[in-house]
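Asker: Dumping the structure here so I can ask a few things about it.
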Amino acid sequence: MAINLFTSESVSEGHPDKIADQISDAVLDEILKQDPKARVACETYVKTGMALVGGEITTSAWVDIENLTRQVICDIGYTHSDMGFDAHSCAVLNAIGKQSPDINQGVDRADPLEQGAGDQGIMFGYATNETDVLMPAPITYAHRLMEQQAKVRKSGKLDWLRPDAKSQLTFAYENNKIVGIDAVVLSTQHAEHVSQKDLVEGVMEEIIKPVLPSEWLSQNTKYFINPTGRFVIGGPMGDCGLTGRKIIVDTYGGAARHGGGAFSGKDPSKVDRSAAYAARYVAKNIVAAGLADRCEIQLSYAIGVADPTSIMVETFGTGRVSNETLVKLIYQNFDLRPYGLIKMLDLIQPIYRETAAYGHFGREHFPWEQTDKAEALRAGAGL
């Protein structure tokens, strides 16, 4: 049987695009704490010495945008000009306006159940039984490497680590089963003084080995640790960052399709975000129920219309029942209207800043990761 390779990447919380995502979602969380009915579309741009926060927000809440932005940057770890970005001295610009009343007219309804979608669009959700969190292994472990980098950096164990970092893992599959890790790429920003030898050794011992299962590593596994040999200039000084530019990192690492809509900075009335979470919830419950080994869901919506305009299921030949049966079970067990899915997943709560780094899926404490519908799906399928 032929060996197939598949690769996914992740980025750290200090990556410029992720700084922007976290600021946008921090603004959303602070608003939702005060005003659950707020309409928020918050975008952030970061570059050397500045953060620009803009977008369209309609709310009764008041948020100190400047202070909140500085706090997020500080929490990430950009606290000194030596890093090229300093939470205490960077400029913070506020360019927030109000959401168009034309959109409000299409979304708001006297009967909440008839709340229309905030925009048209397509959303995908995916699940696979190749990991215990029912996510693809490459993106799952790429995220875990980045979480470990932040943990080691913040503990001071490797005091030369800096916030910006990226990981990339290539997994080898045979007959759709993991047989090993073919390549590990990890690049991390670092202080000027550390040698390449010490950096490679530290990353291998403190970041890579504690995270990657040893049974997937072999003498044939290739390692690329800071392959350029130098990564001192990073963060917003190295590259500008924008909200919503890491949509594959945020989802399935390329293992499933993507509708194109980003998540961060958007309140749950935006189906780009909430329906993508619901699609993951549906797919995960189908796999958890044993109805398929892999499952991809597509949802679509029209602006101002409550019911989804389509539901598609693909199980890649792994389904225990037909795709048509699965679609019927979805209609019977999940309310995928905007208000219905918001209520079903309890989305009006300040949980979004945490989603903005290390992936939105495969982290069990988020409500869309529950598998509470699996039993009903099994029963409905007659299994």
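One is the number of the first residue shown, and numbering goes on along the chain from there.
Glycine is no exception: its Cβ is also placed from the backbone N, Cα and C atoms.
Checked Swiss-Prot, it gives:
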BINDING   His15, Asp164, Ala165, Lys166, Arg230, Phe231, Asp239, Arg245, Lys246, Ala262, Lys266  ATP binding site
BINDING   Asp17  Mg(2+) binding site
BINDING   Glu43  K(+) binding site
BINDING   Glu56, Gln99, Asp239, Lys270  L-methionine binding site
REGION    99-109  region 'Flexible loop'
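Help me picture where these features are in the structure shown.
Answerer: Around Lys266 (ATP binding site), the same-chain residues at least 6 positions away in sequence with a Cβ under 8 Å from its Cβ are Leu28, Val40, Ala41, Cys42, Asp272, Arg273. Secondary structure at Lys266 (ATP binding site), as computed by DSSP, is strand.
Remark: Asp17 (Mg(2+) binding site) has Val11, Gly241, Leu242, Thr243, Arg245, Lys246 as non-local neighbours, by Cβ distance under 8 Å and separation of at least 6 in sequence.
In the structure as shown, the Cβ atom of Glu43 (K(+) binding site) sits within 10 Å of 22 other Cβ atoms.
According to DSSP, Glu56 (L-methionine binding site) sits within a strand segment. Neighbour count (other Cβ atoms within 10 Å of the Cβ, all protein chains): 15 for Glu56 (L-methionine binding site).
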Asker: Express the distance between the Cα positions of Lys270 (L-methionine binding site) and His15 (ATP binding site) as a whole number of Å.
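Answerer: So the Cα of His15 (ATP binding site) lies 25 Å away from that of Lys270 (L-methionine binding site).
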Asker: Could you measure the widest C-alpha to C-alpha distance across His15, Asp164, Ala165, Lys166, Arg230, Phe231, Asp239, Arg245, Lys246, Ala262, Lys266, the residues recorded as binding ATP, and give it to a whole number of angstrom?
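Answerer: The span, Cα to Cα at its widest, is 36 Å.
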Asker: Which residues in the same chain, at least 6 apart in sequence, have a Cβ under 8 Å from the Cβ of Ala165 (ATP binding site)?
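Answerer: Counting only residues 6 or more apart in sequence, the Cβ neighbours of Ala165 (ATP binding site) under 8 Å are Val11, Ser12, Gly14, His15, Met146, Gln149, Leu186, Ser187, Thr188, Gln189.
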Asker: Which one of the binding-site residues (His15, Arg230, Lys246, Lys270) has its C-beta surrounded by the most other C-beta atoms within 10 angstroms?
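Answerer: Ranked by Cβ atoms within 10 Å, first place goes to His15.
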